Amino acid sequence: MKTSVLLFMLGLTFLFDGLAAINLQEGERTCYDIGELCSSDKPCCSGYYCSPRWGWCIYSTRGGR
C-alpha cells in the first residue's frame, strides 16, 4: 500500500513537471525572475534588473551601496 501511494505521487510529480516544461517551451515569457539569464530582448521582471557583469536578473536596490 505504501509503495502504491509513493509510486502514484512520483507519477504525478513527473506528469506536472513534464507539463510545466512543455508550457515554458511553447509560450514566450514576458519577463525573467531572479537568477535567470537576461539580455536586452529578455527583460527582468519588476523589482529586478539585468546585471551587466553576469547577465542574470538580480534584486534591484533603491539607494545603491
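Here, residue 1 is simply the first one shown, and the rest follow in order.
Here the Cβ of each residue, glycine as well, is placed from N, Cα and C on the backbone.
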Considering the candidates Cys31, Cys50, which is the cysteine that Swiss-Prot reports in a disulfide bond with Cys38?
Cys50
In angstrom units, rounded to an integer, how far apart are the Cα atoms of Cys50 (disulfide bond) and Cys44 (disulfide bond)?
6
If you rank the disulfide-bonded residues Cys38, Cys44, Cys50 by how many other Cβ atoms lie within 10 Å of their Cβ, the lowest count goes to Cys50
Under 8 Å by Cβ from Cys31 (disulfide bond), same chain, sequence gap 6 or more
Pro43, Cys44, Cys45, Ser46
